[in-house]
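The following features are taken from TrEMBL:
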- 1-11: compositional bias 'Basic residues' (COMPBIAS)
- 1-140: region 'Disordered' (REGION)
- 12-36: compositional bias 'Basic and acidic residues' (COMPBIAS)
- 37-55: compositional bias 'Basic residues' (COMPBIAS)
- 56-72: compositional bias 'Basic and acidic residues' (COMPBIAS)
- 91-100: compositional bias 'Basic residues' (COMPBIAS)
- 101-140: compositional bias 'Basic and acidic residues' (COMPBIAS)
Amino acid sequence: ERKKERKKERKKQKERERKREREKERKREREKERERKRERKKERKRERKRKRERERKREIYKERKREREKERKREKKRERKRERERERERKKERKKGRKEGRKEGRKEGRKDGRKEGRKEGRKEGRKEGRKEGRKEGRKE
């Protein structure tokens, strides 16, 4: 009878032992699962951070590109303005050159003295006439 009891006791003990082992195993599994979860969470966080960083860099790149584009347009505009100014100057120079040529031609024509002589004579005649007229007016 004692033998039977001991046998039962041993059986119960073994059963308890197995139960304890299973419990420990479950606990380890749960712990592992928690660890994996934490790791996944950290990984997602790192991934988000990397994504944000990439996005930020892309924005900076785009912004710089826009700035370069604007600067290029401004430079083009300035260049066109300078070109117009140069064109205007060239035009003025040509006009001036033509004018100078015409003036030279006129001076050459005047050298025969006919035009100038006639003008001078007319002016003098008028002045004299006026002066005489005034003097006569005073006497009376």
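Counting starts with 1 at the first residue shown.
Note that Cβ sites are derived from N, Cα and C of the backbone, with glycine treated the same way.
What TrEMBL says about a protein is an automatic prediction, not a curated fact.
Note that the structure is a prediction, hence the values are computed from the model and not measured.
Helix, strand and coil content of the compositional bias 'Basic residues' (37-55), in residues and according to DSSP, is 19 helix, 0 strand, 0 coil. According to DSSP, the compositional bias 'Basic residues' (91-100) comprises 10 helix, 0 strand, 0 coil.
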